[in-house]
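**Q** Provided herewith is a single structure, encoded as structure tokens, for subsequent inquiry.
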Number of protein chains: 4
Amino acid sequence: MAGNSIGQLFKVTTFGESHGVALGGVVDGVPAGLTISESDLQIDLDRRKPGQSRYTTQRREGDEVKILSGVFEGKTTGTSIGLLIENTDQRSQDYSQIKEVFRPGHGDYAYWHKYGHRDYRGGGRSSARETAIRVAAGAIAKKYLKDTHGIEIHGCLSQLGPIKAEVFDWSLVETNPFFFPDASKLDALDEYMRDLKKQGDSVGAKVTVVAKGVPVGLGEPVFDRLDAELAHSLMSINAVKGVEIGDGFDVVTQNGSTHRDELTPEGFTSNHAGGILAGISTGQDIIASIALKPTSSITISGKSINIHNEAVDMITKGRHDPCVGIRAVPIAEAMMAITLMDHLLRQRGQNPHVDVPAPPIAATR
Amino acid sequence: MAGNSIGQLFKVTTFGESHGVALGGVVDGVPAGLTISESDLQIDLDRRKPGQSRYTTQRREGDEVKILSGVFEGKTTGTSIGLLIENTDQRSQDYSQIKEVFRPGHGDYAYWHKYGHRDYRGGGRSSARETAIRVAAGAIAKKYLKDTHGIEIHGCLSQLGPIKAEVFDWSLVETNPFFFPDASKLDALDEYMRDLKKQGDSVGAKVTVVAKGVPVGLGEPVFDRLDAELAHSLMSINAVKGVEIGDGFDVVTQNGSTHRDELTPEGFTSNHAGGILAGISTGQDIIASIALKPTSSITISGKSINIHNEAVDMITKGRHDPCVGIRAVPIAEAMMAITLMDHLLRQRGQNPHVDVPAPPIAATR
Amino acid sequence: MAGNSIGQLFKVTTFGESHGVALGGVVDGVPAGLTISESDLQIDLDRRKPGQSRYTTQRREGDEVKILSGVFEGKTTGTSIGLLIENTDQRSQDYSQIKEVFRPGHGDYAYWHKYGHRDYRGGGRSSARETAIRVAAGAIAKKYLKDTHGIEIHGCLSQLGPIKAEVFDWSLVETNPFFFPDASKLDALDEYMRDLKKQGDSVGAKVTVVAKGVPVGLGEPVFDRLDAELAHSLMSINAVKGVEIGDGFDVVTQNGSTHRDELTPEGFTSNHAGGILAGISTGQDIIASIALKPTSSITISGKSINIHNEAVDMITKGRHDPCVGIRAVPIAEAMMAITLMDHLLRQRGQNPHVDVPAPPIAATR
Amino acid sequence: MAGNSIGQLFKVTTFGESHGVALGGVVDGVPAGLTISESDLQIDLDRRKPGQSRYTTQRREGDEVKILSGVFEGKTTGTSIGLLIENTDQRSQDYSQIKEVFRPGHGDYAYWHKYGHRDYRGGGRSSARETAIRVAAGAIAKKYLKDTHGIEIHGCLSQLGPIKAEVFDWSLVETNPFFFPDASKLDALDEYMRDLKKQGDSVGAKVTVVAKGVPVGLGEPVFDRLDAELAHSLMSINAVKGVEIGDGFDVVTQNGSTHRDELTPEGFTSNHAGGILAGISTGQDIIASIALKPTSSITISGKSINIHNEAVDMITKGRHDPCVGIRAVPIAEAMMAITLMDHLLRQRGQNPHVDVPAPPIAATR
């Protein structure tokens, strides 16, 4: 496959560059009869939208999504859904400075060598701007999962640089500009970000996504395990350098006697596994975390080269997020929704005679 | 797709259960003309084989692989390669004890609910025994990558419980039963494992895999990024709970000014990215690490339930690895090889006119 | 896969209904560096466009295609190409008559039972209107095949009802409204179509497509044979009920001694095989023909039922082609181009070291 | 994809050459709980097996299939099923004569140029011997379709050279060595085949396959139409040069008023469409026909060349079918079963809430 599609039965295909005419995509495999409208998609797009707070880029994009097909009289028809977001903030900038230069930490160098011809405006296809369409597609999946199966997906920023959430108060997440679940750390976050901006630097972050109400049995054996496909979809988000399921890298120092989640007639007694065993969902909460690198677009000068292999000094001007992890929260939710949706359809196709039992009592950290 | 295949142009499909007649698979997409024999595959199978040291399971499997097709007069013909490994150590055990019980930490519970009918002998399809075929398939990819492009893939155990490699001496890895790269820690490892065995417990581990000589340009934009596909293939290994590319979760606390790898006319000055930017290989070493959970098959009693939802106490007898991370080293190499091979063919198909330049000087941790 | 994509390395995904807002699609896998513009696509769109002659529907669609991404400074970048055609002729018709009725010979009945919710306006997704995007995507493939490999694809109407081409004068095809290659039959065609219109009936047709300059070696063994994939892509065109490669159904009465194409040092002496043997291209012309049924939208009354299973009489009013085969010519060319393009990339990925020899002298009927 | 797999949710992957060690495959996506045994597969393998009558090749292959995985205690587990057929009749022949020669009408020339290295023994991978595994895989699909949905698939030889079935008496098909449904033509067939053998020539044939009891709604819009996928799977059978659905090429001369199948509250009044409209099954019988070319392996001398481009005269000795169409009957059934099975699972995954109604009364030719 060329690289711009994900999923098997629920499949998302996208196009569009940072400074092109428009972003768009095709969402294929949505069952017929789902009530959906553009405003359902807009909610998540607005959560991802730049310029929402002083902690994110001030680039202003309306990010208004249009549904071009596949929905008739307010309900899906089962045929492919065309999505379109016009790029309204294509400033006629002067790109002469970055046209021939590879920005360190970006895809410029690799794209140049891979393709030999490159849309250098704002990173072109490699810009995180393309994730707007992921969020729109994910919103369709989220609505289907919730409306038909009661599955809910929530994400939050669980760490920003050295500041780590100790408490997961989900009711707090949508009330602060960081999507942060720990009230006691909000002031520290604010202060940290102010300092960072002064320095002209950026910082990494950790985002955690949880899906509640997922039935037992999603995921296929061996290669298409649910965790493997989640790793794929989450790692495909720009700037992600690591993916964890459940306890993640903490398992390296754990013993089997502490890690294994014991079972009782009332359900699991813990959820170190993050809701997935042997690649199949167990009915507990699905828990995944991702590590996002600090954006490389900073105002501190860095060494680089141009296409003629000449040394240059590089300062990235423009409107950039000092911590891309913040706006990654709705993107991570979208990718988890896309993957769960695909596996729900696949499981239903392949094992329909098995009753999907109500999930047992979940013990979630 | 049903779940037992991975890859697009280079595709591996497998079958087989822990205690079935045989394991096997089909390796499709190997270019014609590669010199290969069963002994090339056997080398890696022997590295993965149980019973190699006192630190791994004493189950004895010959793991002798047969090539059934696709190779003629010592060279591949370009058609699909059939692989077969007969299960020789199928002891006619008494399974009545685990037949109706879900072993905690294993796939038993999820498989039961997913399928409603389950091969309970040794975990059936969910047993890590299936990875033998992955290793055989990966050996074909490794040979192709090395013979035709000089790409070499090496793995090691970088951490076992609390014991962490500080030095990466690759020449040491194949000379000790832990695949460990740090000579100063070998005694500690030995002692730790003895204690663990006495306790009847198990421990987690971290495995690191590095590919050297990978050209610039492998990986596709957006969803089929090289790192996303590596995350998929590595997370699909049994017991893996986390995947990192380059600095992985360390990026959470890094600043952009330290993380970004600067470029000079002589090459990159560091490799925090692990050889992948925007999902495309940069020519630097590809570096990935995985976290493997401690095996749940331990002799310390644990709570569980049976298929009648009755509480039971569970002790896993039998021959199990106290640290599955050790034998995971060749498996992780195989999965990286499979993914790189697939992307090499895809890049060649899609962008043939672009010269693949020699990789610049790599700065690897 | 959900059904709206075709191809592996060169992949086309489409969306859009007959009377929706717009048609669109994503063309993924176009190698970087191809010179392309909207006008290159418009040429074939205009050939397919309704209202071009009195023999085709008088529905007026501008069918103006926009390229939304993947092309920068006139050349492809290797990333996905977004295409959009707005539906300009969405008359606010009264659909109350067909809303609950299944038109005989159309997909209405099957769509209703499959999906339970249906865009009944003009057939919705099942309308041949969606083929506009196929033609646009195919034009990209055609340009790549011609510019980089000298492969040319031409189609013609080889039979309309009882009137069969005996001569294949390709220079004639674009000069008459039937895409017909036999000058001696043009008057008869004109007369036949006038009579047909008077009767309010429709008629079937046969379309033949030929690709010249295809190198030896395209197609994969067993399931992804070039002829099997061509059969797939050509049969996917609306109204097609049969596909032939080379001599097609004539082989049923042939003997082996007459059918087999003999080889001489100067090339093949005949081309009964239509350029494909054992699923692989031989370097001769690829020849395929398709049978298109007469459109079921005619003004002669027919029996049908509505969604309440009540008998109704049905007359299809509106602007319909009396022979859909005519406008199918550019569609068939597009589908052949898409399939050849995909296999060209796949062959290049999988067998790069084999020289693709110049095709031997072709003996084409 | 490399070419040796077919299907999405129900997926078959095969390997093996005519004179290699063994043929085999992986059948992935069979739902758990299907009762199946090797003898269920053997029935169809024996129908395909050579040497069954004096009209087919005398090569003797036991064609005994082994199930290596995926079945436990007589029922499928939902995991991948490994299949193996050992080649027992690998005579240590002298291949020096054909080693460097391209047999006309075979894949030799194309394989040589595609791969550059070729298993020349009996055609290697391009031999129809590989279809044995398709038949075994198809038998699993047939059993599932029949046991769980009452769908039955039957094939017959509908024409051999000039001799055409006028009557379709399905009860006759399994009682004569031709799989022929018209008792009045059996003597003529016998005589025709005797003459053909004397001449050392071969002849083409037409095979028709019918599926009864298929529910409404199988098939996806646009590219993955049921007819398009059937065309793919049927055209992938060795020697097939044409595929028809329903009336097939007869539609070219039909009028819309005669072709369209009218609907009444009691069901369709005819079945010109062959059970598929707009790519979706209608509940009527699915009817498909294929044209098989005369085998090129005949004892009448033909012109060819060798790998040095030198002219040679070619007589194919050995044990060959004078009409490959006869043994193609179970193969065509298998391919239709594989495609229907895949679409049944896909439809179930994608549109589960829609009731699949009992098929209306079918009017089948």
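Cβ from N, Cα, C; glycine included.
Pulled the feature table from TrEMBL, pasting it below:
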type	residues	note
BINDING	B:Arg48, B:Arg54	NADP(+) binding site
BINDING	B:Arg125, B:Ser126, B:Ser127, B:Asn238, B:Ala239, B:Ala278, B:Lys293, B:Pro294, B:Thr295, B:Ser296, B:Ser297, B:Arg319	FMN binding site
**Q** Select one residue from B:Arg48, B:Arg54: among these binding-site residues, choose the one with the most other Cβ atoms within 10 Å of its Cβ.
**A** B:Arg48
**Q** Just name the binding-site residues among B:Arg54, B:Arg125, B:Lys293, B:Thr295 whose Cβ comes within less than 8 Å of a chain A Cβ; none is a fine answer.
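**A** Out of B:Arg54, B:Arg125, B:Lys293, B:Thr295, B:Arg125, B:Lys293, B:Thr295 lie under 8 Å of chain A.
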**Q** Between B:Thr295 (FMN binding site) and B:Arg48 (NADP(+) binding site), what is the CA-CA distance rounded to a whole number of Å?
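**A** Distance (Cα to Cα, whole Å): 16 Å.
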**Q** Which one is it, among the binding-site residues B:Ser127, B:Ala239, B:Lys293, B:Ser297, that lies nearest to B:Arg54 (NADP(+) binding site) by Cα separation?
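**A** Going through B:Ser127, B:Ala239, B:Lys293, B:Ser297 one by one, the closest to B:Arg54 (NADP(+) binding site) is B:Ser297.
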**Q** For B:Arg48 (NADP(+) binding site), which of the binding-site residues B:Arg125, B:Ser127, B:Lys293, B:Ser297 has the nearest Cα in space?
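**A** Checking each of B:Arg125, B:Ser127, B:Lys293, B:Ser297 against B:Arg48 (NADP(+) binding site), the shortest Cα distance is to B:Ser127.
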**Q** If you measure Cβ to Cβ, which of the binding-site residues B:Arg48, B:Arg54, B:Ser127, B:Ala239, B:Thr295, B:Ser297 are under 8 Å from chain D?
**A** none
**Q** Can you give me the same-chain residues 6 or more apart in sequence from B:Lys293 (FMN binding site) with a CB-CB distance under 8 Å?
**A** B:Gly105, B:Gly204, B:Ala239, B:Val240, B:Lys241, B:Val324
**Q** If one looks at the chain holding B:Arg125 (FMN binding site), which residues at least 6 apart in sequence have a CB under 8 angstroms from its CB?
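**A** Non-local contacts for B:Arg125 (FMN binding site): B:Gly16, B:Glu17, B:Ser18, B:Tyr111, B:Asp119.
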**Q** If you count Cβ atoms within 10 Å of the Cβ of B:Thr295 (FMN binding site), leaving out that atom itself, what do you get?
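**A** B:Thr295 (FMN binding site): 26 neighbouring Cβ atoms within 10 Å.
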**Q** Output the one of B:Ser127, B:Ala239, B:Ser297 that, of all these binding-site residues, has the highest number of other Cβ atoms within 10 Å of its Cβ.
**A** B:Ser297
